[in-house]
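> Structure in structure tokens, see below.
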Amino acid sequence: MARFVSDCFAFTKRRVFLITWISLVIYIFYDTFIYYKFERRYYHLRRILGLGLCISRGTATVLNLCCALVLLPLCKKLNQLLYRLLSKLWPGLFFFWLERAKSFHMTVAVTLLSFSVIHSASHFVNLWNFSRNYEERWAEINLARYRNESPFRLLLSMAGLTGVMLLIIAISMGLTSLRIVRRRFYNAFWYTHQLYFPFMVFLMIHPLSGVLKEEVISEHNTSLYASQKSWTNSSTLHTEKFVPIKSKTWLWMALPLSCFLFDLLWRIFSRNRARVNLLKVGHMAGRTLSITMSCPDQSFTCIKGQYMLLQCLDISLLEWHPFTVVKLPTANHRQFEVWIRVKGDWTESLERLILERGATNVRMLMDGPFSSPMEGVSREGVALCVAAGIGVTPFVTTLHDMLANPRAHLPGRVHLIWIVRREVELAWLSGLTDKVISVLRRANRPDRLHIEFYVTGTEDNGTADKDKNVPNATVDKVKNGLSHIVVVNEKGVLTHVLDKHAIDDGKAHLDKQEKCNDERATLLTPNRKRNGCVETGVVGRREKEFDVAKEYPLVGCRVRRGRPHWDRVFGYWVHLYPGDHLNLYCCGPKKLVKLLRGKCKSVSNRTKTKITFIHEAFS
């Protein structure tokens with residue numbers, strides 16, 4: 001029983017904000033539902049529409065709340081202003097908002113879409129009831145002109161047409177926001193989200209039609225909860241007068257919409273002035289562009305971990321794409337650098353444009369920089385950082401800062417794990433990492449940076465990786481291979497071992513596996529998989545061109561084969577920092593984010609070391 005209570009408490013603690021949001025939505029809906037169910041002035045309208053009136057009005061209040069809050073994470077300039085004001089007073093709260101901004105936007109958007117469907121369905125039921133319950137006595141409050149009028153004909157009113165347009169826009173935004181659609185057809189996601197302008201216009205027009213009307217209560221009968229019998233008797237004593245229900249949408253939308261429009265105008269005017277020149281374009285491994293740009297003005301500054309939006313006028317006048325700054329401008333060098341992975345139609349068009357015209361002839365606009373949760377790395381005593389592929393960009397500026405200021409107090413120590421698919425991609429950071437390690441050693445601060453590289457992919461010209469179920473393929477893969485293993489004994493002495501693979505001898509193969517699984521084998525070997533096995537596959541042609549161990553020995557000894565063994569990694573961190581509260585900064589694919597988030601929760605629940613997961617999502 002105690003374990004059950006503990007699990008329930010842990011689940012509630014993890015989902016406290018989601019539970020709070022659901023509770024708020026339910027309360028607002030219920031409060032409005034009860035109000036329209038028992039309020040005296042809606043008695044005659046309720047006789048015609050039934051519960052459809054209460055449901056439609058309750059969902060309308062929730063939709064007003066969602067439409068107001070869904071805009072807040074999109075106010076980038078205002079968030080940047082809040083950062084400058086609050087980062088020194090209460091940095092934890094602001095960075096929590098940045099880290100949760102995207103999740104908050106998605107949660108509100110899902111609520112908006114769900115209640116939009118319910119709201120539309122309830123209003124269609126209302127149209128049906130208008131037609132079915134038509135009475136000439138109450139023709140003033142009935143949308144229908146005669147009994148059994150087609151509900152689809154009633155849908156052609158201003159309220160009906162604007163409601164249909166709102167529903168279509170909301171559904172199109174929701175469908176194109178799905179991960180499978182957004183990854184394959186990003187342009188569809190981008191352009192449908194530009195429909196928020198007509199969405200806001202239709203939202204303000206929709207409740208002004210005056211379809212739903214309320215009774216004007218006389219001064220001598222102002223009781224809100226009188227009995228229905230008194231209502232019926234009082235209706236015979238005076239002539240009923242009805243007026244359209246006043247719209248309160250503008251009250252909900254006034255402040256958020258004003259902030260959003262102010263932020264939008266601010267961004268538009270600053271974008272038009274922020275024209276940058278492409279000074280240098282380099283092609284890195286993995287089809288990645290390294291672009292150096294000029295600063296838009298002398299006052300332009302950027303902080304480690306921040307990102308900016310770039311627009312190429314020769315590709316699209318609407319699309320803006322976020323990229324993290326990997327090299328910050330200084331007082332002497334007024335230029336910055338970004339890395340762009342060519343993946344998608346916009347980046348492919350940019351690459352083709354640079355090759356055809358040259359970098360100096362490409363027009364580019366910049367918006368930003370914008371705050372990011374990754375800014376917290378530079379202020380941590382101990383920062384745990386995990387990146388995959390191009391996700392390493394938020395941490396490159398930290399390496400540059402360590403190179404320039406090796407004796408700085410913050411960040412105190414950085415544990416950086418970088419996962420790549422091919423070894424040739426390590427060339428992005430090998431030179432910089434080698435310099436940082438050397439400088440830190442000369443400054444007597446070698447413990448400031450603990451960096452590990454993992455190469456997960458194998459490239460060969462054969463068919464071994466293509467058909468892993470064929471035994472012969474496995475034999476050909478390791479045939480005549482020599483493995484270089486570095487072993488650490490109990491006294492900490494390094495021993496270099498050359499291991500000849502015994503392909504035909506099964507016993508020798510088992511002995512090799514047992515030796516590979518020996519806990520004494522160090523994790524700093526160049527050719528080790530996650531489970532400790534030696535990788536002896538034929539190196540691809542591109543990886544032969546770049547041998548990180550030969551070019552940069554200080555980096556080569558930190559390269560491993562396969563994926564990280566996360567239980568060992570987290571166990572190592574818990575062993576180093578028992579009882580501490582650490583932050584894990586991650587930038588990578590969704591599967592990695594989900595895995596590490598779960599590991600952080602598990603370690604925080606099972607040990608005294610608390611690890612908070614912080615994810616970069618370009619909020």
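Backbone N, Cα and C define each Cβ position, glycine as well.
Nobody curates TrEMBL annotations by hand; they come from automatic prediction.
Quick paste of what TrEMBL says about this protein:
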DOMAIN    271-376  domain 'FAD-binding FR-type'
TRANSMEM  16-36  transmembrane segment
TRANSMEM  48-74  transmembrane segment
TRANSMEM  80-98  transmembrane segment
TRANSMEM  110-131  transmembrane segment
TRANSMEM  151-176  transmembrane segment
TRANSMEM  188-208  transmembrane segment
TRANSMEM  250-269  transmembrane segment
> Which residues of the same chain, at least 6 past either end of the transmembrane segment (48-74), have a Cβ under 8 Å from a Cβ in it?
24-25, 28-30, 32-33, 35-37, 42, 101-102, 104-105, 108-109, 111-112, 115-116, 118-119, 122-123, 125-126, 129-130, 133, 138, 141-142, 200, 203, 207, 212, 248-249, 252-253, 255-257, 259-260, 263, 619
> Counting only residues 6+ away from its ends, which parts of the chain sit with a Cβ under 8 Å from the transmembrane segment (16-36)?
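Contacts with the transmembrane segment (16-36): 42, 46, 53-55, 57-62, 65, 100, 107-108, 111.
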> Averaged over the domain 'FAD-binding FR-type' (271-376), what pLDDT does the predicted model reach?
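Computed over the domain 'FAD-binding FR-type' (271-376), the mean pLDDT is 82 on the 0 to 100 scale.
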> Can you break down the domain 'FAD-binding FR-type' (271-376) into helix, strand and coil residue counts using DSSP?
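Helix, strand, coil within the domain 'FAD-binding FR-type' (271-376): 23 helix, 43 strand, 40 coil.
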